[in-house]
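Peer 1: Got a structure for you, written out below as structure tokens; questions coming shortly.
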Amino acid sequence: MTRIGTPLSPTATRVLLCGCGELGKEVVIELQRLGVEVIAVDRYANAPAMQVAHRSHVINMLDGVALRAVIEAEKPHYIVPEIEAIATATLVELENEGFNVVPTARATQLTMNREGIRRLAAEELDLPTSPYHFADTFEDYSKAVADLGYPCVVKPVMSSSGKGQSLLRSADDLQKAWDYAQEGGRAGKGRVIIEGFIDFEYEITLLTVRHVGGTTFLEPVGHRQEKGDYQESWQPQAMSPKALAESQRVAQAVTDALGGRGLFGVELFVKGDQVWFSEVSPRPHDTGLVTLISQELSQFALHARAILGLPIPVVRQFGPSASAVILPEGQSQQTSFANLGAALSEPDTAIRLFGKPEINGTRRMGVCLARDESVEAARAKATRASQAVKVEF
């Protein structure tokens, strides 16, 4: 039975969030609604989730000693990773010592790098994936590309938001793609995955919730990527009953293997009735921001319920919905957003501004949300809203 105490008192139920981006911010808001005391931790001050948490700490998230010190001082009931770049070996140690890591420390460790999760999916679970090789050197990488053929995709084994990811179309791209992958890895230069290109029709995120009552699948989320980073998403993505059933089978297998409770974002490629596993995040997914307008309980609310052991009897979908990112390019520590009235002038629209403290280059600073009679109309409406927002540096 779940019991939640009073925040900032001896009975408080404490959650420590590792990583404080826009997704973490929404998770904190949902936990706050349930009377949970939230401690936010990230590598920079005034990160979005810190702005709505009870208190915060700034540390190097890859420093296991610093991470352990904060966790031992705060004594949280739940440790909730919101990003991949964390000292996961320390989380494994802490879990073995009795701390509760969401969904599990093993899940955060396996999904922190593409090799762990790919080997689990393809080699242990025998799920369909693209053909792949791993390489540590330019020589091995060149051999892998020759073996897989063109086109193929290269990514650092440890990166996020498309950093270091390239599509190789010919030998002319070989050196450039290698250099870009070496620059884009979270741990600096290192290992890469080379994947044979799948001729898919579309890709989806199947948001999957493991909770006290079992596993619940949300309506599939379609999305459009540029340079590995999401630009817009929509729900539901139309797909054949066979493809949907296969997507749910793959998602169930992966999330069961990872274990624990919480929401997972399972990324899949689809062509006709065929489905291939791509990646999984053991936490809310950026493409799932659309659920802020498409569902009665967003992915963030569902994650909070699952973490706390609360039931999820039903997930109500409000109809065709879409999200479009606000993705400016510039430099500022005091960004402003104007023309919001125009952006919100149509019915069934909403905006989330993330409150990121600075921009230096291209950065996702917000998202526009819309509902309509069809997915196409919702996408067009969300895009109109996003384009109406004027970003001032």
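For all residues, glycine too, the Cβ spot is worked out from N, Cα and C.
Among the features that Swiss-Prot reports, N(1)-(5-phospho-beta-D-ribosyl)glycinamide binding site is placed at GLU22, LEU23, GLU82, ASP286, LYS356, ARG363, ARG364, with the record citing sequence analysis. Marked as ATP binding site by Swiss-Prot on the basis of sequence analysis: ARG114, LYS155, SER160, SER161, GLY162, LYS163, GLY164, GLN165, GLU195, GLY196, PHE197, ILE198, GLU203. Sequence annotations record features per position, and here Swiss-Prot assigns Mg(2+) binding site to GLU267, GLU279. Annotation comment: Swiss-Prot describes 119-308 as domain 'ATP-grasp', evidence class sequence analysis.
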Peer 1: Select one residue from GLU22, GLU82, GLU195, GLU279, ASP286: among these binding-site residues, choose the one with the most other Cβ atoms within 10 Å of its Cβ.
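Peer 2: Compared across GLU22, GLU82, GLU195, GLU279, ASP286, the most Cβ atoms within 10 Å surround GLU82.
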Peer 1: On a C-alpha basis, identify the one among LEU23, GLU267, GLU279, LYS356, ARG364 that is nearest to GLU195 (ATP binding site); the candidates are the binding-site residues.
Peer 2: GLU279
Peer 1: Here's one to test understanding: among the binding-site residues GLU22, LEU23, GLU82, ASP286, LYS356, whose C-alpha is closest in space to the C-alpha of GLY162 (ATP binding site)?
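Peer 2: Minimum Cα distance from GLY162 (ATP binding site) across GLU22, LEU23, GLU82, ASP286, LYS356 lands on ASP286.
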Peer 1: Round to the nearest Å and give the CA-to-CA distance linking ARG363 (N(1)-(5-phospho-beta-D-ribosyl)glycinamide binding site) with GLY164 (ATP binding site).
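Peer 2: Per the Cα atoms, ARG363 (N(1)-(5-phospho-beta-D-ribosyl)glycinamide binding site) and GLY164 (ATP binding site) stand 16 Å apart.
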Peer 1: Is GLU22 (N(1)-(5-phospho-beta-D-ribosyl)glycinamide binding site) helix, strand or coil when read with DSSP?
Peer 2: helix
Peer 1: Output the one of LYS356, ARG363 that, of all these binding-site residues, has the highest number of other Cβ atoms within 10 Å of its Cβ.
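Peer 2: The largest 10 Å Cβ neighbour count belongs to LYS356.
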Peer 1: Write down the Cα-Cα distance for LYS356 (N(1)-(5-phospho-beta-D-ribosyl)glycinamide binding site) and GLU279 (Mg(2+) binding site), rounded and given in Å.
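Peer 2: On Cα coordinates alone, these residues lie 27 Å apart.
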Peer 1: Mean pLDDT, the domain 'ATP-grasp' (119-308)?
Peer 2: 95
Peer 1: Which of the binding-site residues GLU22, GLU82, GLU267, ASP286 has its Cα nearest to the Cα of ARG114 (ATP binding site)?
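Peer 2: Result for ARG114 (ATP binding site): the nearest of the binding-site residues is GLU267.
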